[in-house]
Amino acid sequence: MGSSVARQLCLLLLLVIGFVNGADYRLDGRVVPSYYNLTIGVLADSAEPTLFDGEVSITLRVAGNLEVPQITLHADTLEISECWLLDSAGAQVEAIDISRLIYEATTQQVTVPLAQALQPGGDYTLGFKYTGHIRTDMAGLFSASYVEQGTNATRWLAVTQMQRINARLVLPCFDEPALKAKFQLQIIRPNGYQAIGNTKLRETTTASQDRFVDHFEETPVMSTYLLAFMVANYSARGNVSDFAVLTRPEFFNNTEFSYKVGQQVVPAYEELFRLPYAGLGNEVLQYASSPRFPHNGMENWGLIIFSDDVLVQEAGYTDDWSDKEFAIRIIAHETSHMWFGDSVTFSWWSYFWLNEAFARYFEYFMAHQLYPEYHLDEQFVVRQMQLIFATDARNSTQPMTSPESEIQTPSQIAYKFSGITYAKGACIVRMWRNLMGAQNFNIAIRNYLKEYHLANTEPNDLFYHLYQNWPKNKSVELYRFFADYTEQVGYPMLIVNVTSGNKFVYVEQRRFLLNPGDGSNATLKYTVPITYATNLAPNFDDLTPSSYLHPAVDLLRLFFADPIDWIVLNLRQSNYQRVLYDETLTKGLQVALSARDHSGIPVENRAQIIDDLFNFARVGYVDYSEVFEFLEYLRNEVDYVPWYAVYENLNLVAKRLTPDQLPDFRTYLSDITKAVFQSLGVDWSDQDTPLDVANRNKLVKWLCRYQASNCNQLVSLKFATSEQPSPDYRETFFCAASSSSYNSYTLVWARYHLETRPSEKELLWSAASCTRDYETHYYKMIITGAETVERKKIGLARLYEENPDLVEPIFKMVTANITELALCLGSWSETAEVISDMAEYFTTRNQQQLFEEFFDCNHQLFGQSEEVLSKAKESVEQNLQWAEKRLDRLVLFLSRRNGGSSLVGSSLVVLLWALASLLAWL
């Protein structure tokens, strides 16, 4: 039985077991809420907040034609002290003895038995008084704190995070996304603090001498996971009755940029969606920051909460290109949710992508519209599509849309918060948009948002509007096409061959898998849109498909009147697919890309070709030697997006090269980076574009890591001038400086000790740990240093990550006295993690033997963490086998290319392999 089938059966079995045990996680829907009147009292002891008081009245209606003898809703770790039921006139139906309440911890539900059943169609109010915990795990209502500048006093905040299913930690409620209602919120808070909520503050009244009640306007109809409030001491940039950025007072001067982005992005969405934000039902939009938050941002309607680093840009430290790009993307993402997610909400977590696919798409493409200098439209293919391709090519992947029956428990709901939902979802949205055309797509989503305003949806609701606005000359079964990429897992690779004098091109499809033997269903087929350009017609801008390769069709034939030199399928990598070209077409593409202008082939397709080749070599469709030979074209490549694809894929190969093989790799790396290194160098300039900065960062990191192109010496010379690098470049530059000489290392270390900003200290610690003087750093800074355990682990890892040729002596040094390291890290479990990670960098059988000898002598010391080391042993063997299987010809190619510097050793490997094969045959 395939493991994919087994996984489905396991999910079904878990559900069946749950139902057999009475664990029905879904509410029965017999009563539905329409209104919550909620009062929360927080920070009664602001010196150390641990508890809050709550009172909620929930207006309910009986759905259906049956009497309801009990009410079941969600409540988790709340201590209920009172419960009552009123009729529609406000008269008490009954005072409910709290001892009769039935709690179910597994499903996080509380059932209220009734002496008198609720009548069909009746309206009631169910009320509770209760106490809850102000948590520390950043779920529900949790505490955060910071040290105030000037006074060094600790200031506390109360912050909420209701998503995924954490509203039940704050109030008894119907905590399912389809059970929308309005919320009326009151916050009781101490003097010296302010409360902010989803909506505008209506008034403040006095509760007692030192406590006040903030009353907020009612919210639009919305899901429970969107309820939010904060109690903090904050300052506002802007108008809190309209649009404002809220941070602690000392950050006020550092929020100008994020405020500007918000002022731009809201009108841009209003224009795109043709739905004014205020017209959605909430007049106010606030961006608030918290020093502790589980995500970059959370799209609570009217009160988007961000981590501090999104909204705060400190001059000279966190205000460079990458920091601003990060802020732009996250603000664009979370703000888009006001339409996709808050106004129109998925009906169940199985369809969570209806929120996040669009938000991740707009994170890049709305950000590109507002700030085109970042080229985020081009970066999308390498930072989202090529990233998620690896996840979606494994048996552990999941479909965008899961059956509701499989997404019931809290852990199953958490399962949907994956890269498939976000990144693949965004890729599929982008594919639809490009296939149907921007104008048609925009009309479709406008109609969708308009029809389902304040409602819940399933995928077919969206598909209907896409279908209605798809070009009428379509030759595709659209609903099958939609389902192929949302209900099926994986994606196709197109196998492309040319014959008959380069006039006929044949295209077939196969599911791409990184490990065809892992139990994945290799027979899946997809409806595949076909777009292409050739040297005869190099038009890369028309992304509408010339045809579709249907699942039932084995082979698609393309005919050209004149012979073609090259063809590129999947223009701008717009469609969710890989492309494998035959040898003739691959060589034609290499010639085309080697031209000064790359024959007009855009950066997205250059990156696509590179990424596809590396992944085809990873599984054996082509050899790595062919990939590296193809990449000789990079001598003329200076653009960031193709180089991004190179670096992301090169790491897998470089990590598997032995110390003896690294000199040839170093020469190759120096050669292919000549043009881009000449263009960018190690120095920075005020004229740098955002992509120049990003490109130099990766380039210098790679060249200095492998001591190529005199990178370390050039950085050392620049470092000696004492100029301060730009914030974006600081860690890379200081890391390279630390590895260049002992003197530079000590200077970086001195900077670390003098620095007071926590984020800058983190950066300098990481940079200093790049030193090649590993013994000094290990014994003086890690073993005897006063740093945190986490920081010490980072420092140790950087020693061999940035100096891969030193992993063996570092391992010998560390394991010579493993008890010393365990005492330093505070536990054997932490030590096991360190050793396991180091073993991932082993590349020789000798290193494997050293590890096994260490394991045999010391495994008893690790207790339960021995299993971590056992798995590391297995991983080392798998890595070595993979390298022996995949890299032999590459090693020979690099050696011969570089004049045979290691040809003797490589030839000996091949000879021994041949001899072993011969003996096995005999």
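Note: Cβ is positioned from N, Cα and C throughout, glycine not excepted.
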Looking at TrEMBL, His333, His337 are annotated for Zn(2+). Which of Glu325, Glu356 sits in that same site?
Glu356
For His333 (Zn(2+) binding site) and Tyr422 (site 'Transition state stabilizer'), determine the Cα separation and express it in whole Å.
11
List which of the recorded positions Glu334, His337, Glu356 have their Cα within 10 Å of the Cα of Tyr422 (site 'Transition state stabilizer'), in sequence order.
Glu356
Across all protein chains in the structure, which of the binding-site residues His333, His337 has the highest Cβ count within 10 Å?
His333
What same-chain residues, at least 6 away in sequence, bring their CB to under 8 Å of the CB of Glu356 (Zn(2+) binding site)?
Gly341, Thr421, Tyr422, Gly425
Near Glu334 (active site, proton acceptor), how many other Cβ atoms are within 10 Å of its Cβ?
24
Quick one: give me the count of other CB atoms within 10 A of the CB of Tyr422 (site 'Transition state stabilizer').
22
